[in-house]
Amino acid sequence: MDEWESQLSPVAEPEEREDEATLRPKRLSEFVGQPRVREQLDLVLQGATRRGSPPDHVLLSGPPGLGKTSLAMIIAAELGRPIRITSGPALERAGDLAAMLSNLAEGEVMFIDEIHRIARPAEEMLYLAMEDFRVDVVVGKGPGATSIPLEIAPFTLVGATTRSGALTGPLRDRFGFTAHMEFYEPHELQRVLRRSATILGVDLHEDGAEEIAGRSRGTPRIANRLLRRVRDYAEVRVDGAVTREVAQAALKVYDVDDLGLDRLDRAVLGALVKSFGGGPVGVSTLAVAVGEEPTTVEEVCEPFLVRAGMLARTPRGRVATAAAWTHLGLPAPIEAFGQAGPTLFDE
């Protein structure tokens, strides 16, 4: 992934894992934002602790970078139990899951990231494990195969997904507590940044935190990434203090504008407006125009551009809104999407 692209991707890069582990909150009281989720989860965990039994299985959904993995680790910490981490794509066979489940200690937390990508045989085995704390292990092949029930220790499953709609109904229904993570408000991101700055030893001024938070797309992971890049700039170019002016200068170097758009975002909007007259145009054609993969445009750029009100998805293709024209410094045509409000045929 190009450097300019990675700054605003909500997906964690491999080289960021050590920094993310350092900045991760360890307890629910340290977790910033998501007040409703925190309150509900606190009740679930306290109730289970008082009863002396594992809490219901937990499903965390929402866009990447909002803290689902952190919450899974916090659940284990609050319960005083170990956590075993895996991912949906890693569980290709029922045997893979059976081996992991059979080694769980009583009360242990099992975290499956991207649980919507779990293979069907493993998912079907998970149903019985979640409900009855047992798995059926098939021995042999063909007509002579037999199923042997294997009891497993009571455990708590925490699943995380960015696509809750991709979960099957039977799997979703087996979670006793479901929480959806929302994008962060700027003032919440400022709190995240202040905490991270303290841990990293960054001299972050209030106006510097405000500037970075405003360009972080409502995502803590992006806020922390931008903080590290601004820290580099401050240490190399100035005296190390991160003020508003320093943050502005640093983010200009990294092509992150005042609304949080980077060069790829602006390239997508520019192609849509200048090459295709504002659309509608298909995502594959748009991706070719900016020299990127369709999945990159669809998963990295579009979610934020839609949320920022600069791009609309219609049955006929992607359309630039009046706000997109304005952001690019171009006069929006009268017929621009959103100029006078969408019509019935724009839906």
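Here the Cβ of each residue, glycine as well, is placed from N, Cα and C on the backbone.
Those TrEMBL annotations? Automatic predictions, nothing curated.
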Query raised in the report: What does TrEMBL list, out of ARG174, ARG194, ARG229, ARG231, as binding the same ATP as LEU23, ARG24, GLY65, LYS68, THR69, SER70, GLU131, ASP132, PHE133, TYR184, ARG221?
Result: ARG174
Report task. Find the average pLDDT over the region 'Small ATPAse domain (RuvB-S)' (185-255) in the predicted model and report it. Result -> 93
Requested in this report: List the residues of the same chain that sit at least 6 positions away from TYR184 (ATP binding site) in sequence and have their Cβ under 8 Å from its Cβ, in sequence order, or write 'none'.
Outcome: GLY33, LEU66, VAL192, SER216, GLY218, THR219, PRO220, ALA223
Query raised in the report: Cα of GLY65 (ATP binding site) to Cα of ARG313 (DNA binding site): how many Å, rounded?
Result: 23
Report task. Based on Cα distances to ARG318 (DNA binding site), point out the closest of the binding-site residues LEU23, THR69, GLU131, PHE133. Result -> THR69
Query raised in the report: To which of the binding-site residues ARG313, ARG318 does the lowest count of other Cβ atoms within 10 Å belong?
Result: ARG313
Report task. Just jot down the residues in the same chain as GLU131 (ATP binding site), at least 6 apart in sequence, with C-beta under 8 A of its C-beta; none if empty. Result -> ARG174
